[in-house]
Amino acid sequence: METPTWPRVPSPEAAVARMLLLIWVLLQVARTSGTTEVVVAYNLTWKSTNFKTILEWEPKPINHVYTVQISPRLGNWKSKCFYTTDTECDLTDEIGNDVNQTYQARVLSYPADATDYSGEPPFTNSPEFTPYLETKLGRPTIQSFKQVGTKLNVTIRDTRTLIRRNGTFLSLRDVFGKNLIYTLYYWKASSTGKKTAKTNTNEFLIDVDEGESYCFSVQAAIPSRKANQKSPESPIECTSHEKGTFTGVLLIIVIVVLVVLILIIILSVTLYKCRKVRAQQSGKESSPLNAA
């Protein structure tokens, strides 16, 4: 006769082990599920003008946040803009340490409530960026201008950057030196034909026609670059001789009026004297007749 087989009852230790294993699997699934819901940044773009440098990216976060890291080539990563919901990060201070260095940034994505996140977050790398070669030149500003006779003097304001050395903000001229060229476009106000002049300083002194009004604008450039060589042109400024012309005309009118007045006075005096002389002569001629 066969002995009946009874179901095996697991020991308490085995049951606890299985329960712990199940919990661990569920935690891994939850973690994996949460990670896949985090959107990875894309379209990372450097925006830089006169070394003011911002990294931009997409998309706008919904259930996640971003942290940005930046590193010079072969350097260590430094974190900026921690757990932000913005889609841009100002990295001017970091690239300002050495504008000739080549930098790379990356944007890390985290779950919105994971400020103590210990896993490896997904991230996207930016293109490399060399500030000295790639920052755009801003529109220059004409500080002053003066036309005297046949000379036109134009001075360009030395644009300040956010790059510091020894506590002082450097100008574009401080950073680029003689590599920074300014081009002056100038023309007679009554004409459209443009002439150009170039300088590696911040001042122009050019020959012009005396008595003519001139208009002009300025453009900055770094000819040694392969890209982003030129800035936008400055607003147009013009000299004017209208005030001088008006003053000259007014002076001529005053002189003419004075001359006319003097002539009138002289003529009046002359006529008066002539009448007086005639009156006297008439009196003398009538005297003998009265005596007779």
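Don't overthink the numbers, they just go from 1 along the chain as shown.
Positions of Cβ are set from backbone N, Cα and C atoms, glycine also.
So that you can see what the record holds, here are the features copied from TrEMBL:
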type     : residues  : note
SIGNAL   : 1-34      : signal peptide
DOMAIN   : 18-114    : domain 'Fibronectin type-III'
DISULFID : C81-C89   : disulfide bond
DOMAIN   : 135-241   : domain 'Interferon/interleukin receptor'
DISULFID : C215-C238 : disulfide bond
TRANSMEM : 248-272   : transmembrane segment
LIPID    : C274      : S-palmitoyl cysteine
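Feature annotations (TrEMBL) mapped to structure.
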residue: C81; record: disulfide bond; contacts (Cβ under 8 Å, 6+ apart): Y66, T67, V68, C89, D90
residue: C215; record: disulfide bond; contacts (Cβ under 8 Å, 6+ apart): Y186, W187, K188, A189, I236, E237, C238, T239
residue: C274; record: S-palmitoyl cysteine; contacts (Cβ under 8 Å, 6+ apart): none
When neighbour density is defined as the number of other C-beta atoms within 10 angstroms of a residue's C-beta, which of the disulfide-bonded residues C89, C238 has the lowest density?
C238
Over the span of the domain 'Interferon/interleukin receptor' (135-241), count residues by DSSP class, listing helix, strand and coil in order.
8 helix, 53 strand, 46 coil
Within the domain 'Interferon/interleukin receptor' (135-241), what mean pLDDT does the predicted structure show?
94
